[in-house]
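S.K.: Following this message is one structure expressed as structure tokens.
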Amino acid sequence: MFTGSIVALITPMDDKGNVDRASLKKLIDYHVASGTAAIVSVGTTGESATLNHDEHVDVVLQTLELADGRIPVIAGTGANATSEAISLTQRFNDTGVVGCLTVTPYYNRPMQEGLYQHFKAIAESTDLPQILYNVPSRTGCDMLPPTIARLAKIKNIVAVKEATGNLSRVSQIQVLVDDEDFILLSGDDASGLDFMQLGGQGVISVTANIAAREMVELCALAAQGNFAEARRLNQRLMPLHQHLFVEANPIPVKWAAKKLGLMANDTLRLPMTPLTDPAKRVVEDALKSAGLL
């Protein structure tokens, strides 16, 4: 469940900014039908930063209810205070989530020892499997391979989502982690195939929100070692991988999901603003290049 194409699911909202349950069900049904390996609910792409704690928990619980056992659900549980991350993680004990994706603390920029103690404390507070999430472009904090290797020794820390885009990290982590079962996941669609060719086991994907079947196929081809065919598919998807970030994520992907009829609105909460007209043209061209329009 922690390998293959895992979608970093968008959180659909109605025109008033409330969670759109009907569209959420439609998105979940789409991923079940497409064979997506798992859903990450309320991660970065799910707008965790603009949901309060109760809303955050509610969206994950709604996702669990609507998934109804048909697809595994991973809860996003990161925070920049360890106590807050523990509290949020513990809200999902015994709910049915299969694990938690926990981003490094943001803004306060802890040292490597602080990162180790942060994730160790979270892991020790729960039996839920933990996926570390390293995305320094957003957090201002880079969790280095030696720290990841230390954390990998903790029983319920089972994987890392590496979103630096630095492919050398794959080999660096593999050399340091003495556990063949520890899973390496790419958090960068544009370099995801190369990441898997170096030994990664999947992608936690933004692109999968709107190209779910294609991302499932891409990850399956990589797992089979058929990188020639995987590269042909990836070349078709590359404009999406790149241009879904033409403006801040998840602005473009929510617009694209609405454009494709996957949800009713592309509403965001401030400070996120709607996709601009020039960017719409860029994303539309990418959708056409991928064969989705």
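Glycine is treated like the rest: Cβ placed from N, Cα and C.
According to Swiss-Prot, the feature site 'Part of a proton relay during catalysis' maps to THR44, TYR107, an assignment based on sequence analysis. What Swiss-Prot records for THR45, ILE204 is pyruvate binding site, and it gives sequence analysis as the kind of evidence. The active site, proton donor/acceptor annotation in Swiss-Prot covers TYR133 and is backed by sequence analysis. Taken from Swiss-Prot, the feature active site, schiff-base intermediate with substrate applies to LYS161.
Can you tell me where each of these features sits in the structure?
M.R.: For THR44 (site 'Part of a proton relay during catalysis'), the count of additional Cβ atoms within 10 Å of its Cβ stands at 24 [all protein chains shown].
In sequence order, ILE6, VAL7, ALA8, VAL40, GLY43, LEU101, LYS161, LEU185, SER186, GLY187 are the residues near ILE204 (pyruvate binding site), counting only same-chain partners six or more apart with C-beta under 8 A.
Around TYR107 (site 'Part of a proton relay during catalysis'), a 10 Å sphere centred on its CB holds 8 further CB atoms from the protein chains shown.
Non-local contacts of TYR133 (active site, proton donor/acceptor) by the CB criterion (under 8 A, 6+ apart in sequence, same chain) comprise GLY43, GLY78, LEU101, THR102, VAL103, THR104, VAL160, LYS161, ALA163, GLY187.
Secondary structure from DSSP puts LYS161 (active site, schiff-base intermediate with substrate) in a beta strand.
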S.K.: List the Cα distance (Å, whole number) between THR44 (site 'Part of a proton relay during catalysis') and TYR107 (site 'Part of a proton relay during catalysis').
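M.R.: Cα of THR44 (site 'Part of a proton relay during catalysis') to Cα of TYR107 (site 'Part of a proton relay during catalysis') measures 15 Å after rounding.
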S.K.: Please classify the secondary structure at THR45 (pyruvate binding site) using three-state DSSP.
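M.R.: THR45 (pyruvate binding site) sits in coil per DSSP, no helix or strand.
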S.K.: According to DSSP, which of helix, strand or coil covers TYR107 (site 'Part of a proton relay during catalysis')?
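M.R.: Coil, per DSSP.
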